[in-house]
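Below: one structure, written as structure tokens.
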Amino acid sequence: MQYSEIMIRYGELSTKKKNRMRFINKLKNNMEHVLSIYPDVSVKTDRDRGHVYLNGTDYHEVAESLKEIFGIQAFSPSFKVEKNVDTLVKAVQEIMTSVYKDGMTFKITAKRSDHSFELDSRALNHTLGDAVFSVLPNIKAQMKQPDINLKVEIRDEAAYISYENIRGAGGLPVGTSGKGMLMLSGGIDSPVAGYLALKRGVDIEAVHFASPPYTSPGALKKAHDLTRKLTKFGGNIQFIEVPFTEIQEEIKEKAPEAYLMTLTRRFMMRITDRIRENRNGLVIINGESLGQVASQTLESMQAINAVTATPIIRPVVTMDKLEIIDIAQKIDTFDISIQPFEDCCTIFAPDRPKTNPKIKNTEQYEKRMDVEGLVERAVAGIMVTTIQPQADSDDVDDLIDDLL
């Protein structure tokens, strides 16, 4: 028998009450985006569960995609069969014979939304249970935590049978918590921060700073590839490339070496905040982890944060590096992140950066520069690209490949 659909059980949506349908509709849109690589697959949702109709598409491929979509608590592949007792008996016997192994226990869980069906739920449980015993006489029934819980649902159009319950990604549907700007470098931490923000329903746009010729086309492609890895959790992501060469050259010329990193990060924060404002974002997200590098001490964070009143979300701030690496490997960004391309945060990194920068000092050094003009020119020069889950590359990547 071939699976015909996958039944979706929602995650935290069950707590949303009045906003429930808004969350469900967003989850439906996200599933349609991610599953768009399977042209025959269709998605339907209602208040209680979702349905992914396979229409002949390979179940295993679709299931792997569903495992990554936030807002799904669990899902079950189902067989669609004709709605009569004889057909149900034969289907249940065939399924149980194929999955049973010595010593396993089972139960039948039947329910019907079509109350015109000839048997009620209790009678159907008994009938199908007897059918299993007739082909597997040594099997034992167990009502609590059986090895096989065969679920039979009688709907208006057909009957559906399932026995697997596969854990989903949990979390909230991407986009239900508003939009945030992810400061995406080429490192290990920021893609993980983006993933964790997506899990809590934040619709992210990736802001990446490029400083050619100091940063290479390879570094830009690396950032594109990291963004594409994140699209499998909720669909398309807008990638925003910011020209940053002029600012970094200005900082290097006008400021003491020990303050280069602090000033660089303050400019990045200003620009990201300006982009957030222009694009109706609510928060800024970054991959800072407390104490990991010089710019991530509390004193440094305070000095950098001082340029904005916008909330800054740091999903990995309390994690050890190995914890972050574990997540990066899980979401398949680690191998990309360790590719040896320098980014804006490393090209002019001082040997001994200031770990406890004073805000008044940073403000004094910034008076040597046209801060507003530099920010305005950077924001005016941004390039926005849509990164899609189904594409192996895009026009910008093709151009980068030519340059490489």
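Placement of Cβ uses the backbone N, Cα and C atoms for every residue, glycine included.
Since we're looking at a predicted model, the values are computed, not measured.
Around Gly287 (ATP binding site), taking its Cβ as the centre, 25 other Cβ atoms fall within 10 Å, counting all chains. The annotation ATP binding site is assigned in Swiss-Prot to Met183, Leu184, His208, Phe209, Arg265, Gly287, Gln296 on the grounds of sequence analysis.
What Swiss-Prot records for 60-165 is domain 'THUMP'.
In the shown protein chains, 27 other C-beta atoms lie within 10 A of the C-beta of His208 (ATP binding site).
Reduced to three states, the DSSP call for Phe209 (ATP binding site) is strand. A count of other CB atoms within 10 A of each Cβ picks out Leu184 as the most crowded of the binding-site residues Met183, Leu184.
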